[in-house]
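Per Swiss-Prot, the features are as follows:
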ACT_SITE  T180  active site, nucleophile
BINDING   T143, K169, T180, E266, N392, T397  substrate binding site
Amino acid sequence: MFVPRGFSYAGVHCRIKRKRKDLGIIFSEVPCTAAGVFTTNVVKAAPVIYDMEILGKNPSGIRAITVNSGVANACTGEQGMINARRMAEKTAKELNIPVESVLVSSTGVIGVQLPMEKVESGIEEAVKNLSKDPVPFAEAIMTTDTKIKIHSKKVTIEGKEITVLGIAKGSGMIHPNMATMLSFITTDANVSEDALKKLLKISVDDSYNMIDVDGDTSTNDMVIILANGLAGNAPIQEETDGFWKLYEAVHEVNQVLAEKIVEDGEGATKVIEVEVRNAPDRNSARLIARAIVSSNLVKTAIYGEDANWGRVIAAAGYSGAQFDPDRLDLFFESAAGRIKVAENGQGVDFDEDTAKKILSEKKVKIILDMKQGKELARAWGCDLTEKYVEINGRYRT
């Protein structure tokens with residue numbers, strides 16, 4: 001694991017949750033250029049509203065992010081906004097930095113007020129425990145996650161070594177367009193505000209916005225990137241070679257984290273990748289891939305190892321994309337092999353036992369060849385199991 005210069009991390013148990021860590025802080029020695037992408041849900045949690053306001057005013061002066069898990073601080077009215085601000089104010093006081101340099105985030109049960117005495121005590125403890133180890137922070141932001149999600153990447157730009165580190169949480173309520181997931185990316189790159197915003201948006205569109213666990217979109221989701229410039233490179237501007245090199249590093253981090261979220265889907269036993277090939281345009285390819293990976297009927301078919309290919313074609317049909325259904329070829333693929341199940345929009349004879357063997361693997365790929373263009377899109381998801389119902393039926397207990 002590589003850690004970018006100038007960043008430190010902490011995670012503590014402040015008793016919002018009964019046992020596990022539940023409050024984390026990321027801190028930069030110097031002000032950072034920052035950018036964020038937030039939930040598309042009309043119902044936005046207090047921390048989302050607060051952070052959007054702060055980033056609008058101070059996108060080049062962020063020093064810290066404080067995150068709690070266990071309580072979402074969503075649907076909490078004016079008191080929720082007061083509590084979000086109190087989180088920032090307490091963090092600023094303990095770190096001796098301006099309050100407008102602090103972002104906040106929450107994840108957990110909706111409609112419950114934050115226990116602010118516990119939160120403020122946790123902030124004090126977390127500041128004392130800041131270190132170069134990001135693992136405690138990764139543990140502190142988990143809710144129904146079963147494992148931490150961290151990935152890092154090094155890249156050399158104009159002779160300067162730059163590090164990108166991402167930490168995410170998410171396993172349920174994951175649906176295309178940012179849903180119940182938090183991701184915090186830190187880098188020591190020196191990058192302009194406009195370039196940072198652009199590369200984050202492009203990357204999120206092809207990573208977190210192309211995954212699905214259960215079709216729900218959360219009130220709290222956000223991806224935040226902080227760049228403190230301590231790598232010492234010349235400021236990276238839009239559309240330069242340096243921009244695309246940094247983008248590739250950031251996108252690898254986001255893509256790996258997105259796949260880790262899918263792999264940790266609540267109750268999941270299989271990861272599903274959908275690849276739409278030779279589509280008439282990129283938007284159609286994305287719409288179709290997302291519709292297929294989000295289909296509960298497709299998810300349950302994969303769980304049951306049932307090559308029910310009609311569900312895939314049906315999902316493509318209601319995606320909103322316009323295409324000729326009589327030209328579609330469909331394949332299932334895994335480490336056990338590959339099988340064609342439809343050609344030119346109609347079923348073909350195939351061996352059911354072979355298909356079941358292919359679908360029995362932990363990673364299954366659905367390939368839809370549209371034969372109507374050259375565009376490609378991929379989306380990722382997981383199967384839907386009885387365990388998912390069990391986990392979410394007992395979420396508050």
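Here the Cβ of each residue, glycine as well, is placed from N, Cα and C on the backbone.
Note that the structure is a prediction, hence the values are computed from the model and not measured.
Feature map: annotations from Swiss-Prot on the structure.
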{"residue": "T143", "record": "substrate binding site", "DSSP (3 states)": "coil"}
{"residue": "K169", "record": "substrate binding site", "DSSP (3 states)": "strand"}
{"residue": "E266", "record": "substrate binding site", "DSSP (3 states)": "coil"}
{"residue": "N392", "record": "substrate binding site", "DSSP (3 states)": "helix"}
Candidate with sparsest Cβ neighbourhood (10 Å radius) among T143, N392, the listed binding-site residues: N392
Most Cβ neighbours inside 10 Å, all chains, among the binding-site residues K169, E266: K169
